[in-house]
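Here the structure is laid out as structure tokens; the discussion comes afterwards.
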Amino acid sequence: MLSERTELTGLFLEKPESVVAITGIKTLLKLQIVGIKKQPSLKTRCVCVFFNTGKDVTFVVKVDSTNLTRKPTMKWLKGKWMDLGSKAGKHIQLKESYDRNTKIYTYEMKIVKVVPGDAGGYRCEVSAKDKCDSCTFEITGQADILSTFKRAGAGEDEGELDFSALLKAKPEPELEIDVWELLKNAHPSEYEKIAFQYGITDLRGMLKRLKKMKAVEPKISEAFLRRLESAYSVNKGKKIVLSVEVTDPNAEIKWLKNGQEIKPSAKYIMESDGNIRTLTINKCSLADDAAYECVVGTDKCFTEVFVKEPPITITKLLDDYQVVVGERVEFEIEVSEEGAHVIWMFEDQELSRDDKSSKYRFKKDGKRHCLIIQEATTEDSGMYFVYTNGGQSKGELIVEEKELEVLQSIADLTVKSSEQAMFKCEVSDEKVTGKWFKDGKEVQASKRIKISHIGRFHRLTIDDVKPEDAGDYTFIPDGYAISLSAKLNFLDPPKIHLDVAGNLVSQNTIIVVAGNKLRLDVEITGEPAPTVCWMKGDKPVTDAEGRVRVENRKDLSSLVIEGAEREDEGNYTITVTNPAGEDKANLFIKIVDVPDPPENVKCTGVGEDCATIIWEPPKFDGGAPLKGYLMERKKKGSSRWTKLNFDAYENTTYEAKRMIEGILYEIRVFAVNGIGISAPSLNSKPFMPIAPTSEPTKLIVDDVTDTTCSLKWLAPERIGAGGLDGYIIEFCKEGETEWHPANTDLIERQSYVVRNLPTGEKMDFRVVAVNMAGRSPPALLGQPVTVREIMALESTKYIKKVGEKINLVIPFQGKPRPVATWLKDGQPVDEKKVGIRNSNIDSILFIRSAEREHSGKYTLSLKIENMEDSANIDIRIVDKPGPPTQVHVTDVWGFNAALDKQSPYKEKDMTCAPKFTAPLVDRSVTIGYSTAISCAVRGFPKPKIIWMKNKMIIDDNPKFLMQNNQGVLTLNIRKPSTFDSGKYSCKAVNELGEDEVECKLEIRAQDKTHIIQ
């Protein structure tokens, strides 16, 4: 029998019966482990396997890892310590698998062709982190006991096995038969047979005691003349007498049971007769199965008492039953002993008391045992068996259907929405209950659905009927194989279900791209099936074939437009009708296409490398909002177009850039909407990028009087391919924003006198260069100019005649305001003779009527803290020359005389050799872009100007344009090539001398990236 060496209370969910392996049959032992909160548990406990050698045996363990945090570890052990994992091979095979759905690990150990050496105790251990469990089992050699069983009416392998020989009540063994002696003298293979024959329930415990008793050698005792036998056996309920003979008739003895002293009672009777001492145990029970001792002084003797359970026989057999569905069935037997263990079976399935959901109830009252089926069904029909260890009985149960008469069946119903539907039926038995079903699913009562049973009538009432209530309804009486069915028809008004997801841009508007196919499937519901009518405007669409057609089938109507065109756009109507009503839906089908090309593309302005392009939107946007425009350009005469943008440009004005100055271009524009790109517009008229020059440079005030202002400036640094046509001078009063032109026609020189200015006003001046591309940015003075006669700081002498007015305005700058002081010949100015007025930006020296005494060296000193600056002015007041001085005769001849005199003053010499005041500057320009180099020279008489390239004089080459504007010399080079690179020099020559300046001009190739773009 099974030896359970590991007992983990609360973990094992089921304790199985023993398993016996029969010769010729492979043995499979299954051990299932279920994970619980504390530790894994074995659902099926291990059992002891009896086998015939040479056969295979397999052990299976299943572990539920639902509540485990990691994969469990399984060990197979033999004895206490031998790990079978190291012995795995052909003889012992280990296998594991995992089911991801159930999270169950399956472990198998298979012993191939078991040999006697495989006998012994085994243990399987499973662990996962801090959780563990184990189970033990034994493999024991088993003799062939098939001969115990007989096959009815056939040879060894024929007929059915008859177990009646085992289940017959065995005669109670005679008292003189000592089972203990039989076991001691029997071969181990006979132990099971002896236990089965004599009703031994604890064979394993008895074998343990047998082993201990064999190991004890008898020894001579002085206290006992006759000791207790090594073991006694007794049937349950009988009495047994234990007897010893002591040496001393007066000796006191003690009787012990499992080490505890026995007290005299009605059950335990202790007697003394001379040297004989006896212990009588009345009505032995299983609790009396124990080890007993007899103690005399310090000496003692031992014995074992085994209580045998007599076979339980069935004294009252099962009866057969024939009932109808729903009736109560109670199988009943009586057995020979109270408290007996019986097993109930239905066909080949054992009926368990532990199954709480089972419909079977078990009842035990003394010797009476009952199996109760509360409400029998047809599935309960069959053979029922009951087994004891000493007999069996069987009874047949036949469950028949009840006969029920239908007095009124349910009828089909047709109802409209929101009405009430009621199914009603009548049966012959008012106690019969039943269930209602809709399309195979049980109907549950709710606020809207009511189920009633009054007498023989069964009703199903549905309030506020809805479309989903339509279907097949069935009433099935409980316990009867009949059903009543009817159909609920829902009278549904026609309904149009539009589903235009993906095409619907607004309510009832469908977008279709021109040229595409439209198939508009409209789902239609209604009972009975409605009729469908499509209309476009006032005209019906009835064609079943063609480009625009209607296709109808059950519950669906389709409007099909092949290759949509603009004339297909319009309002469409679908109308569905049936006896319950009508439904209508309006649709607007919008045909969208690519837009028309933009119109009137033209250039409104150009720059050095750019141009401003405008155009008008297309007349038709294609039915979809415009996303923007795409532009392309090409050189005139070329067929290669270059894209100007890749993302849609939203405005209708665009500045095209990165063009080559002086090249004719054409531009075209595309319109873009959500459908695609339009055809290109007509090409614009050819245009050439030309930029205005840069602003004139170094604008200065050359002279100021009470009504005029003389201005000077230099040519712009960049002139470009458009050249330079001239300059415009403009002025305005300080604080005003309106500029007034000083000249009506362009001037080419680089100086100008602005006349008729209001005396004393502060005026702003600017100069603008003009060419065919337009006006350049203006060149501005740094600050306003006061219209008064101003002494230029460059002049150190100021000459006036006696009696003239002197008004000198000396501008200055400084923060904070400088302290201005005037000195004459090193002494402070006498303010009684000379008027002085200082402001934040200038100092004015005023003399109403000049006298000779006003002549002298005047100094204006400006001081801010420890910083100082000064300017010197030599004022000369002149008058008509006086008479010559130092006149004397140097020679006299004839009527003539030579006189010598001293002139009153000396004339100033204005002649000078040429001198460059602004040199040439090295330049690097891009090939194809016009450029200019400039310098400035002074000299008197006016010098001759010679331009040279690499020391070679430049003649009248049309590529070069040479200009001389009041000493500012400019050499313009139109569209230079790499050949034009080199050293350029300018030489000025007059009779007093010459001067020369030079620079380096580099012509570089265009950037390749720029060319590609």
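The backbone N, Cα and C atoms fix where each Cβ goes, and this holds for glycine too.
Per TrEMBL, the feature domain 'Ig-like' maps to 40-140, 218-313, 402-474, 494-588, 784-874, 914-1002. Summarising the annotation, TrEMBL assigns domain 'Fibronectin type-III' to 597-693, 695-790.
Tallying C-beta pairs under 8 angstroms between the domain 'Fibronectin type-III' (695-790) and each of 218-313, 402-474, 494-588, 914-1002 places 914-1002 first. By number of Cβ pairs under 8 Å, the domain 'Ig-like' (914-1002) is matched best by 597-693 from the list 218-313, 494-588, 597-693.
As a quick check, the domain 'Ig-like' (494-588) and the domain 'Fibronectin type-III' (597-693) clear the bar of 3 or more Cβ pairs under 8 A, pairs 6 or more apart, so the two touch. Across the range of the domain 'Fibronectin type-III' (695-790), the DSSP-based residue counts are 0 helix, 45 strand, 51 coil.
Mean model confidence for the domain 'Fibronectin type-III' (597-693) is a pLDDT of 90. Sorting each residue of the domain 'Ig-like' (494-588) by its DSSP state yields 3 helix, 56 strand, 36 coil.
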